[in-house]
Amino acid sequence: MNTDTQKHEDAMSTTTPARAPHDDAPSGQQPGQGRVGAGLFEPKQLVKSLPDAFRKLDPRVMAKSPVMFVVLVGSVLTTAFSVTEPGDWFGWTISAWLWLTVLFANLAEAVAEGRGKAQADTLRRAKTDTVARRADGTTVPGTGLTVGDLVVCEAGDVIPGDGDVVEGVASVDESAITGESAPVIRESGGDRSAVTGGTKVLSDRIVVRITTKPGETFIDRMINLVEGAARQKTPNEIALNILLASLTVVFLLACATLPPFADYAGTHLDMIVLVALLVCLIPTTIGALLSAIGIAGMDRLVQRNVLAMSGRAVEAAGDVSTLLLDKTGTITLGNRQAAEFVPVRGVTEAELADAAQLSSLADETPEGRSIVVLAKEKYGLRERHQGELVGAEWIGFTAQTRMSGVDADGRKVRKGAAGSVVAWVRERGGSGTEDADTAVERISAAGGTPLLVAVEDERGARVLGVVHLKDVVKQGMRERFDELRRMGIRTVMITGDNPLTAKAIADEAGVDDYLAEATPEDKMALIKREQAGGKLVAMTGDGTNDAPALAQADVGVAMNTGTSAAKEAGNMVDLDSNPTKLIEIVEIGKQLLITRGALTTFSIANDVAKYFAIIPALFAAVYPGLDKLNIMGLSSPDSAILSAVVFNALIILVLVPLALKGVRYRPTSADRMLRRNLGVYGLGGLVAPFIGIKLIDLIVSLIPGIG
């Protein structure tokens, strides 16, 4: 066993409160709470966002939203016409509310971005100017480091850049990144080697190989992303913008044909009235909130300590149809514990325990450590260390061999998956035993994990027995998988366990399918097979061997505790390193898509009421029959037009909290979800304007000269 690692973990356990493995939230925080909490409409946040809302009046910024750009142009036109007639209070009032419509839209986006900027400020405080000490003893500013440089970091040093530990082990304070106050272990080799620039070494000494250029570190990328500087419109967002622009062009052409009709009917349509009609008919509600919805979706992930590298990844999460979930840490608690030693006939428990402990001395996994501890506690075997075995050759575990062990003192000991160990024994002229097969089947059928232990010595190669590792399925997982099934999402458990063990745990947890004895190649093949069937796939990973699959998956969530290669390959990073959070990520993605669809439905539906308000007001005097369309009984043409414009602006402000918070998400099928949204937001979009415009008309009609 690596004594340095054990020493650090023992020291940490005495100074930090114990936590269950993979808690859903960092210590001291509630689940779902990120580094920076922010209310939807805190007064300070609104005040800070107002200057940004005015700055966004720049036509170059407004042009990114075709619908709101038309409203901006309309506001300028109505203001220009009102200037020519200073006494026209109707024109000035319309102009004022059109400007408010634009400002409300900008304010929604500014508030959404403001939450990200608050998080960026927190991250900036984590960035400090550092002086790096190279391995050769020379010093250089942190900004002068290049990829491949080796730097030495000791207790109290701030790590100058992103990299991998190539020598040593240390505890590191990553609270500036994750919000987690408890230090973490970073060591060379394995999947805990990645370190982040701006974090602080608390103890001992490590040598770090720099893997990123200055300005491209993890913190730099986080700042750019949460501030929105690197945010690009997603394909769905672009498609919706094209649809909204097309509707705007159609209504623009329709309004352009009205003046000739008015002239033919012997009446005149004022430009201010035409602009008001156009603004009320085009889908301003969703046009105003579309950008804020996308920004808020990424913000909800950040609040849960998940960093999405692009909005495309968040959308893909909402469309995922297959979830690949690692068993350990995601479905089970993660730390399997050795429960018993089951020797074959002719072998004593003490002999099996001795061999199992010996083969586990170099095994730094919780399972390996538990074998060493069980042998010590149950059979009185003293805890040995690697250094005691002079000339020993330690065989590390790999995903291909699926076993580990040691060659020392004239014998070879192996421990690992049953199939791999039996194959190793047979290659050396030995054979498996019926006792071992029976024990493997019994343990697997009970949902445990059997590890076979074998030895080759002067008596030949033979199986000694089985180590029983117990797995515990996390509470509530079956209910979560039932929810995913109702949403039409297929779940697949990925495990290196044998098929019997995998099936027992899959049945207990309630997943749809499982992939047993999985290698990285098997995982990649499964992803490609699912994608070939037109499905979007999401998965988690933390090791370098996960990198190809993370890059291939539509949603690849890398653990922050993982390797640099894994974090580079994924399109999301979970700062809490909680694999179970993948299910939450999918729910947030679906909530984003549902919110966008619901508000689009509402926006298009409420145009109907505005039509019944304005068209009769324009032509009822010339065509009395149109007065029948005035089903709201609006008091006058001017009042009808003004009421529609006021409602059009206020509804944006009313819906901003919904756009930022998201429509309430309930796990259900796509058909039921569609019917519900059409009922709530389609019908609501029809009814709300009739009520709102009528109430505003009652107030407006009291204004002299309009009512």
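Any Cβ shown, glycine's included, is placed from N, Cα and C.
The compositional bias 'Basic and acidic residues' annotation in Swiss-Prot covers 1-11.
Marked as region 'Disordered' by Swiss-Prot: 1-37.
Positions annotated as transmembrane segment by Swiss-Prot: 61-81 (among others).
Annotated transmembrane segment per Swiss-Prot: 89-109 (among others), in sequence order, evidence recorded as sequence analysis. Under 8 Å from some Cβ of the transmembrane segment (89-109) lie the Cβ atoms of residues 46, 49-50, 52-54, 56-57, 62, 65, 68, 71-72, 74-75, 78-79, 81-82, 272, 275-276, 279, 284, 287-289, 291-292, 295, 638, 641-642, 645-646, 648-649, 652-653, 656, 659-660, 705-706, all in the same chain and six or more residues away from its ends.
Sequence-distant contacts of the transmembrane segment (238-258) (same chain, at least 6 residues past either end, Cβ-Cβ under 8 Å): 65-67, 70, 269, 274, 277-278, 281-283, 286-287, 290, 596, 600, 604, 618. For 238-258 (among others), the entry in Swiss-Prot reads transmembrane segment.
As annotated by Swiss-Prot, transmembrane segment applies to 271-291 (among others), with the evidence given as sequence analysis.
Look at Swiss-Prot and you will find Asp326 tagged as active site, 4-aspartylphosphate intermediate. Within the same chain, the residues at least 6 positions away from Asp326 (active site, 4-aspartylphosphate intermediate) whose Cβ sits under 8 Å from its Cβ are Met493, Ile494, Thr495, Thr540, Gly541, Pro579, listed in sequence order.
According to Swiss-Prot, the feature ATP binding site maps to Asp363, Glu367, Phe397, Thr398, Ala399, Gln400, Thr401, Arg402, Met403, Ser404, Lys415. In this view, Met403 (ATP binding site) is surrounded by 23 other Cβ atoms within 10 Å of its Cβ, with every protein chain counted.
Annotation source Swiss-Prot lists Mg(2+) binding site at Asp542, Asp546. Neighbour list (Asp546 (Mg(2+) binding site), Cβ cut-off 8 Å, at least 6 residues apart, same chain): Pro520, Lys523, Ala558, Gly562, Ala566, Ala569.
Summarising the annotation, Swiss-Prot assigns transmembrane segment to 612-632 (among others).
Long-range Cβ contacts of the transmembrane segment (640-660) within its own chain (Cβ-Cβ under 8 Å, at least 6 residues beyond either end) map to 40-41, 90, 93-94, 97-98, 100-101, 104-105, 107-108, 111-112, 273, 276-277, 279-280, 284-285, 288-289, 292-293, 296, 299, 595, 599, 602, 606, 610, 613-614, 616-617, 630, 634, 688-689, 692-694, 696-697, 700, 706. Residues or ranges marked as transmembrane segment in Swiss-Prot (evidence: sequence analysis): 640-660 (among others).
Sequence-distant neighbours of the transmembrane segment (683-703) (same chain, 6+ residues past either end, Cβ-Cβ under 8 Å): 601-606, 608-610, 612-613, 632-636, 639-640, 642-644, 646-647, 650-651. Annotation source Swiss-Prot lists transmembrane segment at 683-703 (among others).
Secondary structure at Lys415 (ATP binding site), as computed by DSSP, is strand. The Cβ neighbour count for Phe397 (ATP binding site), using a 10 Å radius over every protein chain in view, is 19.
Each residue contributes its Cα atom, and for Phe397 (ATP binding site) and Asp542 (Mg(2+) binding site) these two points are 16 Å apart. Using a 10 Å radius centred on the Cβ of Thr401 (ATP binding site) and all shown protein chains, the other Cβ atoms total 17.
DSSP gives Phe397 (ATP binding site) a coil state; it is part of no helix or strand. For Lys415 (ATP binding site), other Cβ atoms within 10 Å of its Cβ number 28. Asp363 (ATP binding site) carries neither a helix nor a strand DSSP state and counts as coil.
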